[in-house]
Amino acid sequence: MQLTVLLIALICVRWFGIPSWLHIDQWIKPWLDAISGKSLRNKPWLYWLIAALVPLAVAAYALHWSSGHSRLIEFVITAFILLYSIGRDDFKTQVQAFIAAVRGTDEEAIRSAATDLQASPADEELSEERAELYHQSLLNAAYRAMERVFVVFFWFAMLGPLAALAYRILRIFHDENQARLLAHKAEAQPATADSQTDDVQSSEGEASTELAELKSEEASVDPEDQPISTKPLDKLLWLLEWPVVRVLGLSFAITGNFISCMQRWRDSLLCFKTPSKKVLGNAVGGALDIDVDCKLDCESICCEMEALQSLFFRTGLFWLCALAVYLMLAL
């Protein structure tokens, strides 16, 4: 059953896309708001743990119930969980839109398409320099392909559907809270700018009074208006991605340029500090036999984006074949 569900998911990802009605995320915001009481706001680890464990417990109950009633129902629920766990948006369409924008040379369209390739609202700001923008977009596309599908497939194959669902829930929570942090910061900036303008125009005595009032206002801000820290989520996501990036890098050596990829893969194999995106970027560069830090022009970035899509598809098939061989040997 596990192999069949993975095959269905791979076919959907590659050719048909995931139906939008399967990605029901409307419950996320109300759920996070419902548990964001005063007792948990100063305990982010406990807050995110409760936020993730409750929906996982519901999914675990559904799987347990179905296993005792019908194999068909269990198959449907397992397939639903896996398809739900796959990343949002149509990644293939977004990559094609970026390639079309680059070839069209419309600066605004290029930046818009590059923004769509970012994995999180908190990703680094896109560069104004075209070559650096291409470099960022290639890394973002590689990371998006990894977090959308391969992390989910890996944990589904290793520990089952609940592990795949856990990663996706944590990723959605992370992105939702990062969007809140950015919105909160954007709301605070105009007030800061107005305060600075008033300080310049006022006398020294008036400025001191206004500064005291500003500090008083900041002290009186309701803690419930402050977004909760995502540092626990950052650590959990990095831990869940760490083995996947290494296995994916080794797979790239088989589905891409073996020598170049293996050299870079060995350099970061036991690294416990480098972000997932950078390690993955080095592996992709080795598999495609390019230097991801070099300046890419219009034509080269289009070719590398197309090659990146093919690389990930070949790697997905390789993972599926490896799992099939393992399951046959285990019988």
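Glycine residues also receive a Cβ, built from the backbone N, Cα and C atoms like all the rest.
Note: TrEMBL annotation is automatic and uncurated.
Among the features that TrEMBL reports, transmembrane segment is placed at 6-24 (among others).
According to TrEMBL, the feature transmembrane segment maps to 45-63 (among others).
Sequence annotations record features per position, and here TrEMBL assigns transmembrane segment to 69-86 (among others). Away from its own ends, the transmembrane segment (69-86) comes close to residues 1-2, 4-6, 8-9, 12-13, 18, 22-24, 59, 62-63, 148-149, 152, 156, 161-162, 164-165, 167-168 of its chain (Cβ-Cβ under 8 Å, at least six residues beyond either end).
Feature annotation from TrEMBL assigns transmembrane segment to 149-170 (among others).
Residues annotated as region 'Disordered' in TrEMBL: 186-227.
If you look up TrEMBL, you'll see 192-206 marked as compositional bias 'Polar residues'.
Marked as transmembrane segment by TrEMBL: 236-259 (among others).
Among residues of the same chain six or more beyond the transmembrane segment (311-329), those with a C-beta under 8 A of the stretch's C-beta atoms are 2-3, 6-7, 10, 13-14, 145, 149-150, 153, 157, 248, 251-252, 254-256, 284, 287-288. Among the features that TrEMBL reports, transmembrane segment is placed at 311-329 (among others).
Within the same chain, the transmembrane segment (6-24) stays apart from the transmembrane segment (236-259): fewer than three Cβ pairs sit under 8 Å, each pair at least 6 residues apart.
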